[in-house]
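What TrEMBL lists as NAD(+) binding site is B:Tyr133, B:Gln194, B:Asn217. Residues annotated as substrate binding site in TrEMBL: B:Ser240, B:Gln262, B:His265, B:His331, B:Asp364, B:Glu418, B:His423. Sequence annotations record features per position, and here TrEMBL assigns Zn(2+) binding site to B:Gln262, B:His265, B:Asp364, B:His423. Per TrEMBL, the feature active site, proton acceptor maps to B:Glu330, B:His331.
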2 protein chains.
Amino acid sequence: MPNIQRLNTIDADFWPRLEALTAWEGVADQTITATVREVLAQVRSRGDDALLEYSCRFDRLNLAHAADLEIPAARLHHALTVISAEQRTALAMAAARIRSYAERQKLESWRFTEADGTVLGQQVTPLDRVGVYVPGGKAAYPSSVLMNAIPAKVAGVPEIIMVAPTPDGALNELVLAAAAVAGVDRVFTLGGAQAVAALAYGTATVPRVDKIVGPGNIYVAAAKRQVFGTVGIDLIAGPSEILVLCDGRTDPDWIAMDLFSQAEHDEDAQPILISPDTAFLQRVQEAISRLLPKMERAEIITASLHRRAAMIQVRDLSEAAQVVNFIAPEHLELSVERPEELLPLIRHAGAIFMGRYTAEALGDYCAGPNHVLPTSRTARFSSPLGVYDFQKRTSLIYCSPIGATTLGRTASILARGEGLTAHARSAELRLP
Amino acid sequence: MPNIQRLNTIDADFWPRLEALTAWEGVADQTITATVREVLAQVRSRGDDALLEYSCRFDRLNLAHAADLEIPAARLHHALTVISAEQRTALAMAAARIRSYAERQKLESWRFTEADGTVLGQQVTPLDRVGVYVPGGKAAYPSSVLMNAIPAKVAGVPEIIMVAPTPDGALNELVLAAAAVAGVDRVFTLGGAQAVAALAYGTATVPRVDKIVGPGNIYVAAAKRQVFGTVGIDLIAGPSEILVLCDGRTDPDWIAMDLFSQAEHDEDAQPILISPDTAFLQRVQEAISRLLPKMERAEIITASLHRRAAMIQVRDLSEAAQVVNFIAPEHLELSVERPEELLPLIRHAGAIFMGRYTAEALGDYCAGPNHVLPTSRTARFSSPLGVYDFQKRTSLIYCSPIGATTLGRTASILARGEGLTAHARSAELRLP
């Protein structure tokens, strides 16, 4: 049975232990960085030829022409007919809820006029073209396609390019169906750093995008980090995490299964339970031991529980909130009687699931809010993926002749203070 | 006299030439990357000792104690009494306008309730602590202190830490005064990659921050790129750019001076003029030749004009807008009769200065909108620095028991489609 670390806030070494528990070095090592740099350079200089070579080497695809890298739109729509009716309905329901929540995130342009006629404002526009990376293999998730592509569509992005590796040519029907539902415009069978390079620099076949989003392995993450600046990127995601804060009165089986639901993602996923109730922690431990053997992904769950899980005993719920704020969890369940009362104490979290009925898994698929969330304590400074990630702002300034006079005098003083006299003169020339 | 490149959209090689003109590789080379990696590692493992060593080596500061790295708050307020009354008023006026514009950018939390009692929302909170990097030497700009610190304050960030190198111990009174006006909480005399490391990892003396903003040299940029993920960062800024789009009826001297105002920043700055009027381009060229010798920073301006400036002749203003959108300029002046008519055609720009009286320099100091803007074509996917960069969002989900049933069934189908059965069971356990 899994040996889950226990921490207690009354222990003298609690905070250092918590820091060690939650530390995660997502940074690629120098070998990976160098490999990725070479892949990027090859695709940048040799374009489609490099893509075909890498697809042959890594995905065992023998394609004659770069055009074969594209999956035709008709094939996406075909996928919709291959999946079950139940799945089709579920995808459509999830998409509708994700879209409806996203609509509320849309930024709007604004402007205002000052007394002297000067106008200031902020203009909001969508990105021209976005790339969505969808991993292959064990992490090929249709829900991820919906969560990355729909906010871009809602933002008004005219063209969404999806890339997904298809090792040995195996297509995932649910992923293709999700692309059709989400309104993805073009799909290429590309993965790894070469896919990121193709999106960032463009090739004769793959159009260059303005921003790349979506999760990927360490090579994909390293490639995104390296092309950042040439294109925009979303956050570099670490392993998934769940932090359950429970008052001790939720069914322990529910809590055990919620912890499993993150643990089953991968061996480095981090499930943590916080409670002021020692007996409850013990009951969840027993539920874990009882339920684990029946889980399909028991091996992955066990590894995650051993490596990175913890049960943290706290004095009370307000101390629990302090621990939450240190961890800044990707997913936070407030499995307590009155979650609203705790909410004002929580400063950092990707998403908060309030009340005993709100399983984190609902948020992964269909509640509406995005499941792409900041991991590894980055919720201290970043936000869920949203419509705003596919919009950008432009400042607007119109100075009336009078406004240019008032502002010009101030600008001139400050510019001269900085030794930037061309700035000063440019303002002064407009003075009466 | 400076030889400014001429481009014309009627030329067959126009677009490739435009791409070459605007290309900028801001990426640090491998030597710099390796040096920076070592500096980061030293500060991370040895803390204050490493900081004192680097300050001695690079800034020739012989400090006995790490506490000496801090400039006391009283010293900032003293600076306010050292600068001229005129400068004090100008700083206060600029700060007030920057604050007032920033107030309009504040994101607000929202939530809504669905028919079955399920509540969805988005909670907005400020970052806990922010670091502002202020360069020393020729680019030590008080305006930059205002532009970086004020939006953070407006966002509600409780603590702002500023770092600025002081080579040979030389303090810049205007920079310190600006820190006082902006409400910076603590200032350390630190620069380079070591300053970024101190902010990202924290030392015994320098508190660890959640996000680092502010411009810097290639080492600072490389360090920010490497600590990205541990902390948030703003954009990696390239050289400053101005794109003036003129109908040919603005005083050529004004336009020449506007081009100079960016060119004087540094040798790699990029001033570009677009007009459909050949004769006007020639008149601006003549104005440049006449005005340049009298400029204080003539040498830098000349270098910039030689290296990276261009005059682009277009067929008409709507074609000009296409060129603008390709360049996605940091600063765009619409020096035309009816700038409002052109506005809908502009998709990508950091800030737009509308009309003949709106010199770009006004925006650098006191118009109100931020002067930290996306450079090197990154306005395709990013925005001016703003209050929103110091706030983050948390998704809120509360499912009623009925809501958990409806959503649970859909989540279960999709989770099983992905082979994530713990996700499915976590939802199913809450079904009636």
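Just so it is clear, glycine is given a Cβ too, placed from its N, Cα and C backbone atoms.
Location within the structure of each feature annotated in TrEMBL.
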residue: B:Tyr133; record: NAD(+) binding site; Cβ contacts under 8 Å, 6 or more apart: B:Met162, B:Val163, B:Ala164, B:Ala195, B:Val196, B:Leu199, B:Ile212, B:Val213, B:Gly214, B:Pro215, B:Gly216, B:Val220
residue: B:Gln194; record: NAD(+) binding site; Cβ contacts under 8 Å, 6 or more apart: B:Val39, B:Gln42, B:Val43, B:Ala50, B:Leu51, B:Tyr54, B:Ser55, B:Phe58
residue: B:Asn217; record: NAD(+) binding site; Cβ contacts under 8 Å, 6 or more apart: B:Pro135, B:Gly192
residue: B:Gln262; record: substrate binding site; Cβ contacts under 8 Å, 6 or more apart: B:Ser240, B:Glu241, B:Ile242, B:Ala269, B:Gln270, B:Pro271, B:Ser304, B:His331, B:Glu360
residue: B:Glu330; record: active site, proton acceptor; Cβ contacts under 8 Å, 6 or more apart: B:Ser240, B:Glu241, B:Ile242, B:Ala349, B:Gly350, B:Ala351, B:Leu373, B:Pro374, B:Thr375, B:Ala379
residue: B:Asp364; record: substrate binding site; Cβ contacts under 8 Å, 6 or more apart: B:Ser143, B:Ser261, B:His371
residue: B:Glu418; record: substrate binding site; Cβ contacts under 8 Å, 6 or more apart: none
residue: B:His423; record: substrate binding site; Cβ contacts under 8 Å, 6 or more apart: B:Ala411, B:Ala415
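The subset of recorded positions B:Ser240, B:Glu330, B:Asp364, B:Glu418, B:His423 lying near chain A, with Cβ atoms under 8 Å apart, consists of B:Asp364, B:Glu418, B:His423. In this view, the densest Cβ surroundings among the binding-site residues B:His265, B:His331 belong to B:His331, judged by other Cβ atoms lying within 10 Å. Around the Cβ of B:Ser240 (substrate binding site), the number of neighbouring Cβ atoms within 10 Å comes to 24.
With B:Ser240, B:Gln262, B:His265, B:His331, B:Asp364, B:Glu418, B:His423 listed as the residues that bind substrate, the site has a largest C-alpha separation of 55 Å. Mapped onto three states, the DSSP output places B:Gln194 (NAD(+) binding site) in helix. DSSP classifies B:Glu330 (active site, proton acceptor) as coil under the three-state reduction.
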